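Pasting the feature list from TrEMBL:
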type: BINDING; residues: C138; note: heme binding site
Amino acid sequence: MFTAGTDTSASTIDWTLVELLRHPRVMAKVQAEVRQAMKENNGENSNMKYLKLVIKETLRLHPPAPMLPRACIDEHVIDGYTIPAGSMVMVNIWAMQRDPMYWKDPERFEPERFETEDLSFLGSDLKYMPFGVGRRICPGTTFGLAAVESPLAQLLYHFDWNLPEGVRAEDLDMIENIGNTASRIQNLFVVATPYE
């Protein structure tokens with residue numbers, strides 16, 4: 001369980017930085033919030049509402065565990081296909097969280113969408129469940145969020161982030177390497193300039 005917690009957190013931080021580098025307006029807004037909160041409140045994360053929206057949106061587009069295995073207890077027929085009791089099925093979280101039936105511009109990175117969407121990480125609404133749902137929800141949800149939010153706030157506070165010379169944001173690799181976690185295929189190379 002510890003490995004799952006560190007791999008998924010590291011992957012989420014990586015995806016968040018990539019999305020922020022691709023969306024400078026969002027980067028500027030979240031850094032302004034983090035830096036203001038750090039100065040005024042000694043880094044109290046509860047005051048970083050936009051950072052939480054950025055993390056939620058990152059987890060929507062890039063869930064660390066994009067496929068959830070489940071056992072089918074009873075036999076079901078779906079679209080004419082019989083799924084026998086005892087079958088292992090995979091729930092495609094990645095596709096559900098990008099479904100245009102539930103999300104406007106589902107491929108677009110837009111943290112502000114969660115200002116009006118009252119969705120928790122608990123999977124109570126099946127269109128958003130980056131940590132799973134029900135009795136088998138990830139037991140490390142709280143740990144995972146803290147393991148992403150706190151280091152990300154520190155990274156955004158202490159450094160300005162840019163791409164190396166000659167690298168364009170639109171050229172960043174956005175292909176997922178699906179394994180135990182959904183990490184990026186290519187490593188992220190950035191230029192970190194100390195702030196203040």
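Quick reminder: no glycine exception, Cβ is built from N, Cα and C everywhere.
TrEMBL does not curate its annotations; it predicts them automatically.
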DSSP on C138 (heme binding site), three-state: which is it?
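It is coil.
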Which ones in the same chain are close to C138 (heme binding site), with CB under 8 Å and 6+ residues apart in sequence?
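Sequence-distant Cβ neighbours: A65, F131, G132, G144.
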